[in-house]
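According to TrEMBL, the protein carries these features:
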type	residues	note
COMPBIAS	322-332	compositional bias 'Basic and acidic residues'
DOMAIN	47-305	domain 'Periplasmic binding protein'
REGION	306-332	region 'Disordered'
SIGNAL	1-26	signal peptide
Ligand code: AHR
């Protein structure tokens, strides 16, 4: 959809692209490849997804694919399998292909400056979705679209402070963190710790990453249960880790939601079902339905329009009663 090349150059470009796409597919998992200049007049968006680690992520991928089709945008999609090096390769591939806009959800916060500068030098606007980067140079990307993760952690902590306000002795909390170095893990931890500081009885006695997966949540919770005879509260940085932890808690002969108060983040259907069933006690919502807003932003930045530097998603919280009400209409 861009420049017209002489036949031999077009053939050489196509061959180089095939080789490049092959190398990205070998480390990540690409749905689409080829040269962005292959004849379509559609806006071409290269998207690098973190992976498929959670129910949230699956819903996010679906939202992005459906919204691209709806908006008439040609989507090139790569699944990085939770590896930063795969995301960097995918972004370089999109630069080589001269896509119109690049968007990605950065698996971790640090280490993006070089590749973002390469995109900027190539004149390709970049949109961050879901997770932010810690680059000091904000001109390396056009905007960030996603959640306020610190707020999600804070709302979780504030609910716990209220729920345990009559506790007279220590309340032992274990924390299942998300992927080490990721924005949601860093920010949710921070927001939660700040909120629970209001009650000195509330103490985090163990905190470890379960990598946002069910298997990770189960495995780390088993370790927590072995090492800590008294666990009163579990704060899991997402539903999936909380759901994995349920298995470990039940296997240890304890009743989730009663013997151990469980707080999670996301509010995907499985998490909401656990909340409605009384196995979880509270969920702070994190919406994965970013696709339509992302497509709108992609069109705007491609047209050279100004966009706000940060666009936050509107979110809420759920108690078991609220989960029961919301479940029938839950989309993800
Ligand atoms: O970045 C958003 C987080 O990533 C979600 O809370 C989690 O489920 C996902 O894996």
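Keep in mind that glycine also has a Cβ here, set from the backbone N, Cα and C atoms.
Whatever TrEMBL says is automated annotation, not expert-curated.
For the domain 'Periplasmic binding protein' (47-305), the model's average pLDDT works out to 98. Mapped onto DSSP classes, the region 'Disordered' (306-332) shows 10 helix, 5 strand, 12 coil.
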